[in-house]
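Engineer: Structure in structure tokens, see below.
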Amino acid sequence: MEDIHARFHIDWPGFRLDVDLTLPGRGVTALFGHSGSGKTTLLRCIAGIERVSAGRLTFNGEVWQDEKIWVPTHKRPLGYVFQEASLFPHLTVLGNLRFGMKRASGPVRVSLDQAVELLGIGHLLDRKPDRLSGGERQRVAIARALAVSPRVLLMDEPLAALDLKRKQEILPYLERLHDELDIPVLYVSHSPDEVARLADHLVAMEEGRVIAAGPLKETLARLDLPIRLGEDAGAVLDAVVGERDESWHLARLDFPGGSLWTRDRGIPVGRKIRVRVLARDVSLARQRQEETSVLNLLRGRVDAIEDEDHPGLALVRVRVGESPLLARLTKRSASALGIVRGQEVWVQVKSVALME
């Protein structure tokens, strides 16, 4: 099975990195954590930008670094996208892409035309970087990284320097990379929204350590992680648009375990879509509530309960069929309902965020 194995130890003044993990060789793996958690340092170690004496790195069994072997960055078949688009100002967009092609080695995994089409930059090829918007520059930087025909693409918070409008413009292009290219992506981010929208796998980091790693949906639904805290705690579901009710302007999203109704956004029936359900938008009941404004009522079973940092709050994980959902309750409510593990409950979902 294709995979990336990374083991690094750094002990710098004021910072320590100690990781030993295996990353999947397919899909998008998000390295997630707060600033200073070590995610960018780990990415730079994988790229060979940081040379760490105590380290070992293999890609699909091929050694890139150990006690005796060191493959320098320029000889590693990888593409790297920084926070700021580092384009050559004296070259046109096409010139920047051709520069990337010069670094390509081995079989062509992504052609120049394919990179241009995937990132939607065909109309920009004759422009210099100073005539591009921030989002356009970053799309060109990603296309140049792909022009290297990399075996793995490393992305260090590529949207961090962009405003919200530019982020929304570029996210669909990142989704296309995920859907149309068979190249593993390691994606550094501290944004739960980006992670929920793009990632297949999650590596959560804190103070230079990996505190959790695994498939995105199951890892986000864990209750023993600091990432569960705050307003961003929630679950991710992969759904399919099952019906559009034009009379009420609603759409039904079917997922393993049930269905959710949400505002109709014109997405065609049959389209696969990822949705995010925040814990603050979920409540629980012992009996089905008939007279309520909440449209989404699902049958579930309590799977786990965990205290929050706030003494008055608890986080409850409920399984709806195969799918986990999180609910944030006051402890008073949990006590009044007699919430215990294994109990059957009605899950009331007030709001659903479409990751599109």
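In case you wondered, yes, glycine gets a Cβ from its N, Cα and C as well.
It should be emphasised that the depicted structure is a prediction, and the values quoted were computed from it without experimental measurement.
Per Swiss-Prot, ATP binding site is recorded for G33, H34, S35, G36, S37, G38, K39, T40. Among the features that Swiss-Prot reports, domain 'ABC transporter' is placed at 1-232. Summarising the annotation, Swiss-Prot assigns domain 'Mop' to 291-356.
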Engineer: Counting by DSSP, what is the helix, strand and coil composition of the domain 'Mop' (291-356)?
Structural biologist: 7 helix, 36 strand, 23 coil
Engineer: Check each residue in the chain of T40 (ATP binding site) that is at least six apart in sequence and keep those whose C-beta is under 8 Å from its C-beta; list them in sequence order.
Structural biologist: D156, E157, V188
Engineer: Translate the DSSP assignment of S35 (ATP binding site) into the three-state scheme.
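Structural biologist: Note: S35 (ATP binding site) is coil by DSSP, not helix or strand.
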Engineer: For ATP, what surrounds G33, H34, S35, G36, S37, G38, K39, T40 with a Cβ no more than 8 Å from their Cβ centroid?
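Structural biologist: Leaving out the recorded residues gives T41, H190, M205, E206.
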Engineer: Taking the Cβ of S37 (ATP binding site) as the centre, how many other Cβ atoms fall within a 10 Å radius?
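Structural biologist: 22, counting other Cβ atoms within 10 Å of S37 (ATP binding site).
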Engineer: Need the DSSP three-state call for T40 (ATP binding site) to compare against my parser.
Structural biologist: helix
Engineer: Validating a neighbour-count step here. Other CB atoms within 10 A of the CB of K39 (ATP binding site): how many?
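Structural biologist: Other Cβ atoms found within 10 Å: 28.
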Engineer: So what sits near H34 (ATP binding site) in its own chain, CB-to-CB under 8 Å and at least six residues off in sequence?
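Structural biologist: Expected: H190, E206.
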Engineer: Quick one: average pLDDT across the domain 'ABC transporter' (1-232), no decimals.
Structural biologist: 91
Engineer: Which one of these binding-site residues, G33, G36, G38, has the sparsest Cβ neighbourhood, judged by other Cβ atoms within 10 angstroms?
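Structural biologist: Result for the binding-site residues G33, G36, G38: minimum number of other Cβ atoms within 10 Å at G36.
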